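Taken verbatim from Swiss-Prot:
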type     : residues : note
TRANSMEM : 4-24     : transmembrane segment
TRANSMEM : 32-52    : transmembrane segment
TRANSMEM : 58-78    : transmembrane segment
TRANSMEM : 91-111   : transmembrane segment
TRANSMEM : 136-156  : transmembrane segment
TRANSMEM : 212-232  : transmembrane segment
TRANSMEM : 246-263  : transmembrane segment
TRANSMEM : 275-295  : transmembrane segment
Amino acid sequence: MDPVLGLGLFAFALLLLALPLAFWKVSSEKTSGLVTLLIATANLALTAQLVLRWWQSGHFPISNLYESLCFLAWACTLTQLLVERSWPTPIVAAAATPMGLGCIAFASFALPDQLQEASPLVPALRSSWLVMHVSVIMVSYAALLVGSLLSVAVLVTDRGHALELRSSSIGSGGYRRAALATPLGNVGDSEVQLSSVKFTRNELLDSLSYRTITVGFLLLTVGIISGAVWANEAWGSYWSWDPKETWALICWLVYAAYLHTRLSRGWQGRRPALVASAGLVVIGVCYIGVNLLGIGLHSYGWFFG
């Protein structure tokens, strides 16, 4: 077996073991040290896979759909580990592991053999912009996907109850309101420092989701801008309304709407989580769906390994 494919399957096996273990630890409310170890080992295996493919091909391993899926799985597991450093809980693994698992499964079992092999770069990708643009876009997708999955976890753990989350996300200014009794017996609002407040599980999930999506949105913005500059150098136009470009813009607008609703503090709880969840579908169309169409400047990923 090709060692590149073998490393991918090894990472798949580790994540496949980590996922049910994470759900079991969530239900039993136990710590997630073993789950984190499995995910970290899977990330190391994916790192070795990408380095080996880079050595085999002689170029940055993100030139076809197989390589980009493996890179996305690596970025998702790394993002997941970074999020768990802020809040070491199996809920994060239970919510985010399916994304990395799905990426590896699709790359290893769904793609034709010829697309799993290393191949020369197509002419459009023979540029120094490859690493800057494509890798930043893929890392932004990873952050947005993990953040959106955490929003899905908010909706699932909410179990249909109305939420009014006031977490330490951007827009709260480091404070949240708490109802306090006044000397006259009335109930008034007072600003309470976040460091003195014990957050609920949903508040922590909401805050982590928001922060992760914010990072992903900023990276997506950088990726789109760098892609426009690259397009101008390659084809003489910053924007051509290629299907991938159009859906990248739609993706940017969806998450811009999510951040706007949070920053304005007009929406809290379930509604912004629903917007973030919709972003999962938009990224899926932008990343995979457009490639299946086989049209446009970005269609090389599926049909032309």
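Placed from the backbone N, Cα and C atoms, the Cβ positions cover glycine too.
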Tertiary contacts of the transmembrane segment (136-156), as residues 6+ beyond its ends and Cβ separation under 8 Å: 62, 68, 71-72, 75-76, 78-80, 83, 91-92, 94-96, 98-99, 163, 165, 202, 205-206, 208-213, 215-220, 222-224, 226-227, 248, 251, 255, 270, 272-274, 276-277, 279-280, 283, 287
Remote residues contacting the transmembrane segment (212-232) - C-beta distance under 8 A, at least 6 residues beyond either end: 79, 83, 127, 129, 132-133, 136-137, 139-148, 150-151, 170, 238-240, 245, 248-249, 251-252, 255-256, 258-259, 276, 279, 297
Segment proximity, the transmembrane segment (275-295) to the transmembrane segment (246-263), 3 or more C-beta pairs under 8 Å: yes
Other parts of the chain folded back onto the transmembrane segment (4-24), taken as Cβ under 8 Å at six or more residues beyond its ends: 32, 34-35, 38-39, 41-43, 45-46, 48-49, 52-53, 56, 70, 73, 77, 90, 93-94, 97-98, 100-101, 104-105, 107-108, 116, 118
Positions on the same chain near the transmembrane segment (275-295), where near means CB under 8 A and six or more residues out: 65, 72, 141, 144-145, 147-149, 151-152, 155, 209, 213, 243-244, 247-248, 250-251, 254-255, 257-258, 261, 301-303
